[in-house]
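What TrEMBL records for C:54-241 is domain 'Dihydroorotase catalytic'. Marked as Zn(2+) 1 binding site by TrEMBL: C:His63, C:His65, C:Asp157, C:Asp310. Annotated substrate binding site per TrEMBL: C:His65, C:Leu66, C:Arg67, C:Asn97, C:Asn283, C:His314, in sequence order. Residues annotated as Zn(2+) 2 binding site in TrEMBL: C:Asp157, C:His184, C:His237. Feature annotation from TrEMBL assigns active site to C:Asp310.
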Amino acid sequence: MARTVLSQADIARALTRISHEILESNRGPDKLVILGIPTRGVVLAQRIAETIQRIEPTATDVRVGSLDVTMYRDDLTRTRTRTPSRTLVPGSIDGVTVVLVDDVLYSGRTIRAALDALGDHGRPTIVRLAVLVDRGHRELPIRADFVGKNLPSSTDERINLHLLEVDGDEFVSIDGGAVSDLAGQDAR
Amino acid sequence: MKHLLSTKGLGRAEAIGLLDIAEDMADVANREVKKLPTLRGKTVVNLFFEDSTRTRISFEAAAKRLSADVINFSAKGSSVSKGESLKDTAQTLAAMGADGVVIRHPASGAPEVLAASGWIDAGIINAGDGTHEHPTQALLDAFTIRRRLHGSASRGKGLDGVRVTIVGDVLHSRVARSNLWLLTTLGAEVTFVAPPTLLPMDMSAWPAAVGFDLDAAIAAKPDVIMMLRIQAERMNAAFFPNSREYSRRWGLDDERFARLAPASIVMHPGPMNRGLEISSAAADSAASTVLEQVANGVSVRMAALYLLMSGDREDS
Amino acid sequence: MPNHRTSGTPWLIRGATLADGTRTDLVLADGRIAEIGSGLSRLGATTVDSDGLIALPGLVDLHTHLREPGFEQSETILTGSQAAAVGGFTSVFAMANTSPVQDTAGVVEQVLALGEQAGYVTVQPIGAVTVGLAGERLAELGAMATSRARVRVFSDDGFCVSDPLLMRRALEYVKAFDGVIAQHAQEPRLTEKAQMNEGALSSELGLAGWPAVAEESIIARDVLLAEHVGSRLHVCHVSTAGSVDVIRWAKARGINVTAEATPHHLLLTEDLLRGYDARFKVNPPLRRTEDVEALRSGLADGTIDIVATDHAPHPVEAKDCEWDAAANGMVGLESALSVVHAAVVESGLLGWSDVARVLSAAPARIGRAPGQGQGIIVGAPAELTLYDPAASRVFGRADLAGKGANSPYLNMTLPGRVIATFHRGYATVLDGALRSAGEIRSERENNHG
């Protein structure tokens, strides 16, 4: 029994707020690189970049890209072989602020992998983390700087996060309990 | 993927998937840190029963870029040359904890025997077995052709309709066999051109056109022409009268090179016999992919190592 | 020893079916077939209930490798004899490629003696054609012929007598004592480094080809030589359709040639080589389906005279390796009758009388083996085997009685089963089980005592 917790409009509002917060904390749009973590993080990163551009029409240097973390995961021999996605880092990231964007923050292991991956591309001045949903249950000392929605959940619940560009529809819902199947769920 | 033993039987989606991962691996070479932590703590053994410095260092570079530990086990000067069996060697490597074995062997089928034996539970990559197959060479050739044709838009694409002519010692060439299966799986049309003595006796089951006339093959304006190396030992075994005659009839000399279509790709798996099967002008031209093939070899082998050595091996 | 039997202890085989289909009782006594008929009884005889079993004359293998002397880690004359008995054989011809080679009277007499000592089958040594199988000069063919081993079959098997002049001389020379040259037909230059049948599959697998023409050209040459010098030629392990044609032509021309096919060439094809499992490596190699079919019809129409096993045991390490390094050969004695059953009897090409001919009478005649292949008639030596044609089994390691485990049939389902084998009037196999060397020894002592 799925319960919708964010509608398409809620998601849009949350991303707009996150964009404002990013600008605020960065004191403007300069030297900002938004990197999404595939698959849905890349879509969210693009939307945030577009929103920032709208808020600050004169900004010339809002760069957006994708950062695949597959090769940096700590569970490669524990699950079936993963097919990596593309990494596209727009230009140098030395001395800039990088905002990592992911859809759901859970164990924190994906973000740990992303930080390692980022370090192999350069040395940003600041790295921040934006997520649409934080569902808790961290296994590593990692927290998000910008959160769309905190969704305290139990581990046997399942968070469904759909985005138009990937899934054809858009919402965040939560499935109760034991019968959930984990297909599509961001692995812990 | 549990093992990579041949390209025959490799599915189209699987092959394209591997080439796409190789694209990601190629991107790593352009970064500040040209290394991935993916296979940290894993051991890759290069088990070479036949000399091939080029192939060995390509696999070594690939494994090291994925942070694996690499052990080079060469038959020369080891217990293998004193008559130790493949079985004992494999069990020795298993006892050392090899996670992946890259095997080059003069006997056709040796990698398959190793994979089926139960002597060692490691992913096996065939790095060339006798006159059977050399799958990573074919994969890097396909990767190279795809990049030449599609550039950065290569991902997801096959080689549909690409006309590839492979010239030379097809009889003894594992490169020719692996390319035949892979390129046709990817949609290319393969033509072999060789002296009749250097073609297998029965090619009826091969999805390829066969000819003896290189000039006719060039007149057909192939998209790709791949020249195979002529081994020195063939010249003494009456496969053809002498190297001069071979070169005159089946070599890509300057004059034939000039007749190729301007956009043609000239390939050679190396090492080349300049002046025998390929002229220097052809080898050093902009049409030649010889050096790209070497660079792409590392990317393709990284992709193969990743696919074999990540993932739960029970599941694959 | 309990249940002590002597040669004076007769056997009553009750209700067996002869090859021609008649049902009968048989009495074996004093080493001979004493009586044939229904409702027989014999005082003191041990009865073997043979309802549903076929009684075949003891099988004769014209082509066996027993490996002793020299390669006892692969097989000994004792273990090879046991493998033969389990397969229903009462006589085997032991090929000459031992170490030392069976190229002198001394070696062939030793082999003969070891066979007698084992007591499971008659071991008839084959003599080498050339000294050391080297293909350079004739071995002492006459000395072997007049030795106690009475050698009549000469072969360099494993190697071809490729020198045409040497082959001509050999064919001529053995006429002096009614000998026969059994040729391993393989043109050596055409088969350098050969690994498998040359054709579409060898092209794909990248294994060096063993072309059919390398066999056919030697057979063609040899039948013409045999015709020219008026001698007797036997062709070992014929494996190609073209060879069958050449032999058919030669026979039609009246040339004195006989030919054998192995069980494996009658059943198996090269397709088994995918996967490079060295158990399927044999020389001549497994061929195409068309070749198998030609051999079967050649056997049915008499072009191929006999089936011979080419039983070739090897130690495990000779097969547990990459293809090129593996030894050629398969064990075949234990499975031969079942394989012939599967290949040509089940398909209706051969009846059981034909099986008796190709596995007993004809090989005994070609090899000039006294006391063998005389069939199941009153007065003939008591050499026979009881076979259950209705049985079926998954062939396994336990079905092999020799030292070699290099059988291509492991894990295959094969029809039939040898239930009993009688040699010189005593049982070497009973209730489907090999009798122990001790039991055989006491039988022989009683026999001679």
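Quick reminder: no glycine exception, Cβ is built from N, Cα and C everywhere.
Nobody curates TrEMBL annotations by hand; they come from automatic prediction.
What TrEMBL annotates, mapped onto the structure for a quick look.
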residue  : record                 : DSSP (3 states)
C:His63  : Zn(2+) 1 binding site  : strand
C:Asn97  : substrate binding site : coil
C:Asp157 : Zn(2+) 1 binding site  : coil
C:His184 : Zn(2+) 2 binding site  : coil
C:Asn283 : substrate binding site : coil
C:Asp310 : Zn(2+) 1 binding site  : coil
What is the interatomic distance between the Cα atoms of C:Leu66 (substrate binding site) and C:Asp310 (Zn(2+) 1 binding site), given in whole Å?
-> 10
Spatial neighbours of C:His63 (Zn(2+) 1 binding site) among the binding-site residues C:Asn97, C:His184, C:His237, C:Asn283, C:His314, using Cα within 10 Å, are C:His237
Please give the greatest C-alpha separation between any two of the substrate-binding residues C:His65, C:Leu66, C:Arg67, C:Asn97, C:Asn283, C:His314, in angstrom, as a whole number.
-> 17
Fewest-neighbour residue among binding-site residues, criterion Cβ within 10 Å, set C:His65, C:His237 = C:His237
Among the binding-site residues C:Asn97, C:His184, C:Asn283, whose Cα is within 10 A of the Cα of C:His65 (Zn(2+) 1 binding site)?
-> C:Asn97
Least surrounded, by Cβ count within 10 Å, of the binding-site residues C:His63, C:Arg67, C:His184 is C:His184
So what's the mean pLDDT when you look at the domain 'Dihydroorotase catalytic' (C:54-241)?
-> 98
Other C-beta atoms within 10 angstroms of the C-beta of C:Asp157 (Zn(2+) 1 binding site) total 25
Counting only residues outside C:Asp157, C:His184, C:His237 in the same chain, those with C-beta within 8 angstroms of the Zn(2+) 2 site's C-beta centroid are C:His63, C:Met95, C:Ser155, C:Gly158, C:Ala182, C:Gln183, C:Ala185, C:Gln186, C:Cys236, C:Asn283, C:Pro284, C:Asp310
Checking the binding-site residues C:Arg67, C:Asn97, C:His184, C:His237 against C:Asp310 (Zn(2+) 1 binding site) with a 10 Å Cα-Cα cut-off, in sequence order, leaves C:His237
Candidates C:Arg67, C:Asn97, C:Asp157, C:Asn283, C:His314 (binding-site residues) - the one closest to C:His184 (Zn(2+) 2 binding site) by CA = C:Asp157
Number of Cβ atoms other than its own within 10 Å, given for C:Asn283 (substrate binding site) | 20
Neighbour tally for C:His314 (substrate binding site), based on other Cβ positions within 10 Å of its Cβ = 27
What subset of the binding-site residues C:His63, C:His65, C:His314 has a Cβ positioned less than 8 Å from a Cβ of chain B?
-> none
